[in-house]
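**Q** I have a structure I would like to understand better, so I am pasting it below and will then ask my questions one at a time.
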Amino acid sequence: MKLISLAITAASLLSSAGLVEGAPRVVQVAAEDLPVSTLGGASFRVPQVRNLKYSQIGKGPRALAKVYQKYGKPMPKTLVKALEVISIKMSAATGIKPHFKNFGGNGTVGENDTATTGQGEVSATPQLFDVEYLAPVQIGTPPQTLMLNFDTGSSDLWVFSSETPAESQNGHALYNIGNSSTSKRVDGAVWSIRYGDGSGSSGNVYTDTVSIGGVSVPNQAVESATKVSQSFTEDPASSGLLGLAFDTINQVKPNSQKTFFSNTMNSLAMPLFSANLKKAEEGNYNFGFIDTTEFTGPLSFVDVNSTEGFWQFEASGYTVNNKTTASPHGAIADTGTTLLMLPADITDNYYRQVPGAEDNWQVGGYIFQCNATLPDLTLNIGTYKAVIPGHLMKFAPADTESFDTATICYGGVQSAEGFPFAIYGDVFFKAQFTVFHGGELKLGFAPKSGE
């Protein structure tokens with residue numbers, strides 16, 4: 001593995017030599033021009049691990065519903081109805097009796113709506129948010145290993161713990177607070193996250209030693225769950241979430257807390273991390289270094305607007321079937337969202353290029369024939385062309401639980417209509433090596449090796 005330094009000053013990164021004209025501004029940095037890092041700072045790789053308990057049932061609609069829940073948006077009634085059917089299938093597979101949860105909001109299932117399946121009450125969120133890939137994190141002294149979801153779209157490190165009610169533990173690995181000699185309660189601090197379906201998670205706040213990849217942060221805020229949304233309790237493989245967005249959207253009150261990355265950034269060889277996610281296999285995150293084997297060509301950097309707490313940037317438009325269309329939009333880079341959520345005009349026009357594709361109410365999103373050849377989609381970020389190969393758009397089977405038997409497939413691109421920004425999720429990261437540069441508030445993109 002070749003490590004190369006990206007300890008570039010603002011002046012050098014923004015120099016005219018590397019500047020490519022366009023809006024937004026794109027700065028290209030050739031990997032071969034970056035010196036080897038010998039600064040003595042920390043660097044480490046975090047591998048993803050496959051969640052063997054991840055359910056494939058209704059994977060597409062569940063992924064879309066997760067976005068609505070995460071960003072506090074009421075789900076369209078068509079999506080809720082699709083989830084009702086998925087709930088029944090899941091209950092049959094797991095033996096867990098489903099229950100129906102109402103969704104308020106315009107055009108959604110409300111308090112007076114009831115399920116009419118004839119098979120009892122139906123939950124829209126059974127095992128809804130189980131996570132396909134997780135990463136190991138050590139908390140406490142001696143260290144306790146928990147598998148967490150790395151999420152650049154949020155800023156809380158919260159976990160199932162010894163304070164989590166027994167009925168919610170459901171086989172999760174727990175952070176046992178009393179077993180850690182370095183655990184300390186933060187007096188008066190609490191955290192609470194509310195979701196768009198009316199559910200929520202909340203609890204107390206501690207500081208403790210948190211280690212990832214052998215690099216430790218003492219006195220890291222760890223949010224202990226005393227209440228957990230049912231959608232999380234039903235995924236026993238995941239013990240919580242590690243947020244990698246900006247500190248300003250951390251949900252601890254009365255004083256927000258710093259993320260693990262924020263606390264460790266200045267001790268890294270380079271103040272950045274990268275996401276190298278892959279289709280149908282484990283990927284990895286690298287902290288403090290750039291691995292040139294994971295991408296090709298130069299890195300193209302764009303400015304990040306962090307005022308809303310997200311890794312937010314501007315995109316210019318798109319190209320499909322050799323036709324480029326201007327469609328300026330704000331977007332966030334979010335590893336905690338599985339799908340690629342784009343403005344409705346882009347999504348609609350893309351699927352017009354796929355014969356037989358339709359926005360289907362029965363599954364709550366765009367579907368198409370699995371044997372269709374899907375065109376590549378190029379997302380234009382200023383002058384950088386981020387190509388998403390068509391094969392990545394075949395996200396999940398829609399009419400069976402396996403690609404081997406399915407004839408209808410669920411699209412990896414869905415509409416972000418009603419959201420304040422587009423969400424570049426894992427479908428994007430599977431094609432684009434992405435650098436999150438905290439030192440300079442920039443995102444860097446390059447095509448993945450092998451794509």
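Each residue's number is its place along the chain shown, starting with 1.
Cβ atoms here come from the backbone N, Cα and C positions, even for glycine.
According to TrEMBL, the protein carries these features:
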{"type": "SIGNAL", "residues": "1-22", "note": "signal peptide"}
{"type": "DOMAIN", "residues": "133-446", "note": "domain 'Peptidase A1'"}
{"type": "ACT_SITE", "residues": "ASP151", "note": "active site"}
{"type": "ACT_SITE", "residues": "ASP334", "note": "active site"}
**Q** Mean pLDDT for the domain 'Peptidase A1' (133-446), as a whole number?
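**A** Mean pLDDT, the domain 'Peptidase A1' (133-446): 94.
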**Q** Cα-Cα, whole number of Å: ASP334 (active site) versus ASP151 (active site)?
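**A** Cα of ASP334 (active site) to Cα of ASP151 (active site) measures 7 Å after rounding.
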**Q** Most Cβ neighbours within 10 Å: which of the active-site residues ASP151, ASP334 is it?
**A** ASP334
